[in-house]
Structure formats: structure tokens, C-alpha cells
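Structure record follows, encoded as C-alpha cells.
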Amino acid sequence: MDQLPAAELTNFISPSGPESRPVFHSICGIHDTANVQQKQTLDQNKVISAPLDYLLSFPGKDIRGQLISSFNEWLQIPEEKLSLIKRVVELLHTASLLIDDIQDSSQLRRGLPVAHNIFGVAQTINSANYAYFKAQSELHKIGDPRAVEIFTEELLRLHKGQGMDLYWRDSLTCPTEEEYLEMVSNKTGGLFRLAIKLMQLCSASEKDCVPLVEYLGIIFQIRDDYQNLQSEKYIENKGFGEDLTEGKFSFPIIHSIRSNSDSFQLINILKQKSEDTTVKLYAIKLLESTGSFEFCRQRIAQLTTQARSLLMEMGDPSQTAGIQGILAFLELK
């Protein structure tokens, strides 16, 4: 299914209607309350959703939407609930990007200025937080209280993972590979699991797709870390070597530091959070010297092979074309 239009998600998060304020209108000499209320509602909705609308107006790869459609080849949930889950996940993902860009001091998102540099930090945070709670309230339409339990569990895990990622960056603490992958499972895997668990809740199938989704989340993040420092397309969308400027301990950086006992140079480059291209190019040479990019490629290939084996164990290959396509996309060519 294609990316949901921004207008549809905007309508999705809009409040149901304004509260009547007859006393206020009387004091102000306003008599046509219907028109005033309509204008007020439109203005409020526009203000609240503006940062979200901005980011939704130039959509990304929609890997989560594709993942939901692919797993529905197995789970076969009703179209109405499938659309609801897609909208909720897209809304949560967009809100999380707004917050991430603030926490990471990013300048670009999908090749354009980040939302908080246009609407301000405070308004962007409020818009993202509103979207989180609106998405939660919409889950009641599924008609099963476990939907909100799943939402709460995965949003807690997502923020736990984000908290560790920020802690390592801000305290200049290099995690182990195991610690990093646990963080990725919590953070990146959160919305992947949320989508699939909600789908399983709405499905007559007893198939458990969560273990496979765990693989996809980890592969996705390692690939993203690799692309951040190697992909020309990524440079267009996010800027050159953004993880180095952010001071982030990404997968290749962790490998380089832990495979080289004399790693003071790379750690100090992270500490500087430099925007200097020459410094970042030097850091990339350090990563190349420790074979860290090759290690990423090997790890992705290994995890992809394991994911495909699990996929074959789970059922009819004729129902796995969509998931196979996602795995092919995630592979580094």
C-alpha cells in the first residue's frame, strides 16, 4: 500500500470538535458562535499539527508501511483495522522523528530543514507529544484493551532505548556490541514490534511473527548506521557524516573503537562533534583502517541469512514475497 497522504493523517489527529464558550462570546460581543468556533477549530488544528504536516509533506521510504502490508499476506486482518494500524504507526514514527531531530541537533531531514528550525523547539515538541497521545486514543477503535497495553509496552521500550543511546553519546561511553544491539531492539524495533503485535491481535492466525521482526529491526539500524557514513543519498537527505557531528556511537564506530586499543583519535573526534568535512573524512579513514564498514556488511549478510532461514520455517513461500522484498532492500549491494 502506498504512503498515506499527509491530509489523511492530519484529519486523523484533529480534535473531534471545539468546546462551546457562550460566556466568552457574550462578553466579547460575538453572536455568530458557529462561525467563530469553526474558525477557531481550524486555526487550532493547523497550529497543533503544523510540524507534523510539514514532515509528512515529504515522506520517506515508508518501510514500516511496506512491512505491515507484507506481513498481512500471512495475518489477513480486516482492511479497516489494517489502515488504522498503518496510520497509528506512521503517526508515531513521524512524531518520533520530530523529537529525534531536536535531541540530535539535526539540521536536515529528508533533504529539507528540520521542523524545529521552522516552527521552534517548543511547538515541535508539543505537536509530537499530542500525536503520541492521539495515536494511543485511536487504538480503542480496535476494540481490545490489549491494544493499549501493547502500545504502552513498546513506547516504554522505545524511550528506554533512546535514553541509553543519548546517555552513551552525552557521557562519551562506548557500549559493547551486545549492549548496542539491545538498545536497537528496544528503540528501532519498537514500532516494528508494535505494528506486528497489533496485527496479530486482530488476526485469526496463530503465527508469531515477532522473532522475524526483531531481525528486521536490527538489520535496518545497522544498515542505517552504515549508510550514514557511506551513502551519497544519505548525505543529500541528512548531511555528510551526521553521526560523527552528533557524537553518536553507531555500529561501525563501536566496532572501530573496540577493535583498536589505540582508539583515542576516534573518541576525541566524537567528543568534538565537529562539522568540519576534513575531520569527518579522517574519521572515516580510521573506520576503514579497522575494517568496520566491511564488518557491517558481513553482519548484515549474516543476519539477513538468519532471517531468511526463519522466514522459510514459518510458512508457505508463496506468502513471503513482500518480506523477501524488504530483506532484499535491506541488503547492502
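Numbers run from 1 along the shown chain.
Glycine is treated like the rest: Cβ placed from N, Cα and C.
The feature isopentenyl diphosphate binding site is assigned by Swiss-Prot to K61, R64, H93, R110, with similarity to another entry given as support. For R110 (isopentenyl diphosphate binding site), other Cβ atoms within 10 Å of its Cβ number 15.
The C-beta environment of D100 (Mg(2+) 2 binding site), restricted to residues of the same chain at least 6 apart in sequence and closer than 8 Å, consists of S106, Q162. What Swiss-Prot lists as Mg(2+) 2 binding site is D100, D104.
In the three-state DSSP scheme, D104 (Mg(2+) 2 binding site) falls into the coil class. Residues annotated as Mg(2+) 1 binding site in Swiss-Prot, with similarity to another entry given as evidence: D100, D104.
Feature annotation from Swiss-Prot assigns dimethylallyl diphosphate binding site to R109, K187, T188, Q221, N228, K238, K248.
The Mg(2+) 3 binding site annotation in Swiss-Prot covers D224. Applying an 8 A CB threshold to same-chain residues 6+ apart, the list for D224 (Mg(2+) 3 binding site) reads T188. In this structure, D224 (Mg(2+) 3 binding site) is part of a helix by DSSP.
Here R110 (isopentenyl diphosphate binding site) is compared against the binding-site residues D104, K187, N228, K238, and the shortest C-alpha distance is to K238. Each of the binding-site residues R64, K238 was scored by the number of other CB atoms within 10 A of its CB, and the lowest score belongs to R64. The record gives K61, R64, H93, R110 for isopentenyl diphosphate. Within 8 Å of the mean position of their Cβ atoms, the other Cβ atoms in that chain belong to P59, G60, D62, I63, E90, T94, L97. Using a 10 Å Cβ-Cβ cutoff, N228 (dimethylallyl diphosphate binding site) registers 23 neighbours. Considering only the binding-site residues D104, R109, K187, H93 (isopentenyl diphosphate binding site) has K187 as its nearest partner by CA-CA distance.
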